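Below: one structure in C-alpha cells.
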Amino acid sequence: MGRSPCCDENGLKKGPWTPEEDQKLIDYIHKHGHGSWRALPKLADLNRCGKSCRLRWTNYLRPDIKRGKFSAEEEQTILHLHSILGNKWSAIATHLQGRTDNEIKNFWNTHLKKKLIQMGIDPVTHQPRTDLFASLPQLIALANLKDLIEQTSQFSSMQGEAAQLANLQYLQRMFNSSASLTNNNGNNFSPSSILDIDQHHAMNLLNSMVSWNKDQNPAFDPVLELEANDQNQDLFPLGFIIDQPTQPLQQQKYHLNNSPSELPSQGDPLLDHVPFSLQTPLNSEDHFIDNLVKHPTDHEHEHDDNPSSWVLPSLIDNNPKTVTSSLPHNNPADASSSSSYGGCEAASFYWPDICFDESLMNVIS
C-alpha cells in the first residue's frame with residue numbers, strides 16, 4: 001500500500017547531524033546538485049535516508065536561508081497568507097524569500113497564534129471569537145478571585161504590622177504612666193516600689209492579654225482596642241492602678257501583715273496614703289455578716305498569738321469602759337470616722353443597735 005519510508009531500512013543513522021555529515025552533504029550538492037534525494041545518501045557516502053538529507057539541506061544548510069527574527073512586514077504577510085491558504089507552509093514560504101516552511105510553521109505556533117488568541121481573534125478563521133461572551137462570567141469570577149487573594153495577602157501582612165504597633169503603643173503608655181506617677185509623687189516613694197516590671201515582663205503580659213481576648217472574641221483587634229482605651233483609660237489594668245490614689249507597697253504590707261491592734265492611729269501620716277477604695281465600707285452587708293461570723297471572740301484572742309490580718313475588731317466590745325467612753329460622741333460623723341479603721345477602743349455607739357436587730361441575729365445564728 002504505497003511506498004515504505006526510507007528510514008525503515010536497517011543500519012541507517014538517526015538523530016542529530018554531525019559537522020562532518022553536514023560538510024559531506026554541502027560538498028556533494030555544490031558539485032553535483034541534489035538530484036534525486038533518495039539516491040543522494042549513497043552517492044554522498046552518508047548513512048542517512050533521502051528525506052533526512054533533504055530536510056537538512058532545505059532547513060539548515062542552504063546558503064540563501066535568512067537568519068534572525070521576523071520583521072513586522074513578514075508577520076503581516078504570514079497572517080494574510082495564513083488566512084487564505086491555511087496551514088500550507090510550503091506555499092507560504094514561497095512568498096517569503098530566505099524563509100523555510102519549517103521556520104515559518106514554528107514561528108506561527110510559538111508567536112503569531114498566541115498573539116491572535118490574546119487579541120480575541122480566532123487563529124483559524126481570523127475572526128473575533130464569539131465564545132468569549134459565553135465564558136465571560138467565569139472570566140469575571142477568576143478576576144475577582146485574583147483580587148481577593150491579593151487583598152488577603154495584604155491583610156495578613158498588615159496584621160503582623162498591627163500587632164507590632166500594638167506592642168509598642170502598650171509599652172509606651174505603660175512607661176509614660178510610670179514616669180508621670182514618679183513626677184507627681186517623687187518625694188514619697190520610688191517607682192520601683194509601685195511598678196517593678198521590666199520590658200520582658202511587659203511583653204509577656206501583653207501577649208497573654210491579646211491571646212485571651214482572641215479566645216473570647218475571635219474578632220479582637222489590638223489596634224482598635226488601644227484606640228478605644230485612649231477614650232477611656234479605665235479599660236487598662238495598669239491605668240486603673242495609676243488613676244487611683246495609691247500608697248507605697250511597704251505601707252500596704254504593714255497594714256496587711258499586722259493585727260488590728262498594731263495598726264497606726266488615725267492621725268498617723270502613713271494613713272494619709274491609704275486609698276479610700278481599700279477601706280471596708282460600713283454599708284456592705286456581705287462584709288458585715290462575714291466579719292461577724294469569722295471574727296473570733298475575746299476568749300479566742302487570749303490563746304491566739306498570731307491573729308489573722310483580715311479580721312476586723314469586735315462590733316460589740318464586752319468591756320463596759322470602752323462602751324462608756326464611746327457614748328459622749330454626739331456627732332454621727334465622728335463616730336463613723338472613728339470606726340472606719342476598726343480600732344478596738346473606738347467602737348461606734350451605733351453598732352449595738354444594729355447587732356441587737358432581731359432579723360440580723362437570726363441570720364447570724
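Cβ coordinates are placed from backbone N, Cα and C, and glycine is handled just like the others.
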Quick one: which of 89-112, 185-208, 233-256 does Swiss-Prot have down as DNA-binding region?
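Checked against Swiss-Prot: DNA-binding region maps to 89-112.
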Under Swiss-Prot, the annotation DNA-binding region belongs to which of these stretches: 37-61, 337-361?
37-61
Counting only residues 6 or more past its boundaries, what in the same chain has a CB within less than 8 Å of a CB in the DNA-binding region (89-112)?
55, 58-59, 62, 64-66, 70, 74-75, 77-79, 81-82, 123
With DSSP, how much of the DNA-binding region (89-112) is helix, how much strand and how much coil, in residues?
17 helix, 0 strand, 7 coil
Let's see if you can do this one: DSSP helix, strand and coil counts over the domain 'HTH myb-type 1' (9-61), in that order.
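Going through the domain 'HTH myb-type 1' (9-61) residue by residue, I get 30 helix, 0 strand, 23 coil.
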Any idea what the model's mean pLDDT is for the DNA-binding region (37-61)?
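Result for the DNA-binding region (37-61): average pLDDT 91.
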